[in-house]
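Per TrEMBL, the feature active site, proton acceptor maps to Asp125. For Arg127, the entry in TrEMBL reads active site, nucleophile. Residues or ranges marked as GTP binding site by TrEMBL: Arg48, Val49, His50, Ser51, Glu52, Gln69, Glu91, Gly92, Arg93, Thr113, Thr148, Lys153. Taken from TrEMBL, the feature Zn(2+) binding site applies to Cys53, Cys64, Cys66. What TrEMBL records for 8-169 is domain 'GTP cyclohydrolase II'.
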Amino acid sequence: MTIKLVTSTVLPTPFAEFRLHGFLADNGKEHVALTLGDITTSEPVLARVHSECLTGDALFSLRCDCGPQLESAMRKIADLGRGCILYLRQEGRGIGLINKIRAYAEQDKGLDTVEANEILGFLPDMREYDIAAKMFEQLGVQQIRLLTNNPRKLKALTDVGVNILERVQHRVKTTAHSHRYLATKAAKMGHME
Ligand SMILES: [Zn+2]
């Protein structure tokens with residue numbers, strides 16, 4: 001898949017004034033990156049690869065920890081004055097928004113997140129990371145310190161050629177609602193708690 005950087009602008013936020021970069025992939029998907037400071041030097045860049053979660057990122061959902069994770073990454077990068085967040089539009093672990101809502105409806109009946117996706121006929125995690133490598137490259141990022149608790153993401157990004165110097169623990173507070181989801185991520189998907 002090819003992806004290209006189309007345009008960039010300033011994005012003032014409560015945390016810092018980021019640069020916002022718009023990317024277009026050849027499958028028509030639009031992705032964005034937030035950057036702060038000069039990320040093109042050889043000094044490792046604090047980075048987060050975040051997959052879109054409309055319910056968590058924009059609707060304050062307590063069913064997952066995506067919103068707090070995104071906010072925490074923005075704060076850490078703002079504190080440091082330098083870093084990069086790739087925001088990949090692969091909603092619901094790649095199954096799409098409507099299917100994610102369907103999976104939630106299955107969970108309402110008592111299934112966990114992995115079982116719910118399997119019932120719907122999808123693999124537990126369909127996200128692809130090859131575009132992330134290309135986005136980092138086009139932004140001029142040489143090597144990163146990755147904010148994540150997910151060993152699969154670490155491996156997937158390494159496999160596609162992202163130069164990860166270090167994993168930086170990225171823990172956020174859990175709520176009563178997200179506790180079960182996070183426990184499932186830890187037990188079934190190998191997340192580090
Ligand atoms: Zn989420």
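Just so you know, glycine gets a Cβ as well, placed from its N, Cα and C.
Just so you know, TrEMBL annotations never went through curation; they're auto-generated.
Ligand 1 lies under 6 Å from the Cβ of Cys53, out of the binding-site residues Arg48, His50, Glu52, Cys53, Glu91, Thr148. Overall, the recorded GTP-binding residues Arg48, Val49, His50, Ser51, Glu52, Gln69, Glu91, Gly92, Arg93, Thr113, Thr148, Lys153 cover a maximum inter-Cα distance of 23 Å. Summary of the Zn(2+) site environment: with the site residues Cys53, Cys64, Cys66 set aside, the chain residues having Cβ atoms within 8 Å of the Cβ mean position are Thr55, Gly56, Asp57, Ser61, Arg63, Asp65, Gly67, Gln69. Of all Cβ atoms in the shown protein chains, 20 besides its own fall within 10 Å of the Cβ of Glu52 (GTP binding site).
Summarising the environment of Glu91 (GTP binding site), the number of other Cβ atoms within 10 Å of its Cβ, over all protein chains shown, is 19. Taking Cα separation as the measure, Cys66 (Zn(2+) binding site) is nearest to Glu52 of the binding-site residues Arg48, Glu52, Glu91, Thr148.
According to its DSSP assignment, Arg93 (GTP binding site) is helical. In this structure, the CA atom of Thr148 (GTP binding site) is 15 Å away from the CA atom of Cys64 (Zn(2+) binding site).
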